Amino acid sequence: MSKYAGIVLAGGMSSRFGEPKALASWQGSTFIEHILKVMTSTLQEVVVISHSDIKERVEKLVQVPVIEDIPHYKGNGPLAGIVSGMEYIEADWYAIMPCDAPNVSHEWFTILLGQTSNEYDAVVPIINGRKQPLLAAYHNRVKEKIYALLQEEKRSMVQLLSQCNVKYIAGEDVQANADWFINVNTKEEYVQAQKDLSNK
């Protein structure tokens, strides 16, 4: 069993973006390829949770397993994706990553996993005053909490955090760059992110 594993959530339908965000172009590749390059440099095992509509296209781009949600919970948002990844890879801790934060750095995963300890169920960053539960780490004991929520048809990350002993870390306290956490939801944000990248 790995001590740490990674789960990339690439199953959303990207309605506001207009096309699958995982496949958006970024620095000569795609969001999903860039994110996986970063994650696999730090983590031994990584799995991508994808949607049936794009699963084959994602599989052609990446060198890690690509799976869909557990059938019974398909379409139940990030909680379904996280628990599906936890079932696929056995690990003590899981670093979670959405497919729409292409600025993420391998340094972030080093910082994040360095903050884990057995007394906590989760480690969640607070960036510019906002909790980032999808750029966080979760202990494998959280799996049962997720199943319990899904059985009650509860799908909120906030509901999950309310049931966990969470270590919140302020980004500035751990030298985390706020740019790592910028997520792209619309084409306007995508254009801005590309401009910001070219200005660096």
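Note that the numbers count up from 1, one per residue, in the order the chain is shown.
Glycine residues also receive a Cβ, built from the backbone N, Cα and C atoms like all the rest.
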Can you find which of K3, K21, K60 Swiss-Prot lists as binding GTP at the same site as L9, A10, G11, D69, D100? K21
So L9 (GTP binding site), by the Cβ count within 10 Å over all chains shown, scores 22
In the three-state scheme derived from DSSP, which category covers G11 (GTP binding site)? coil
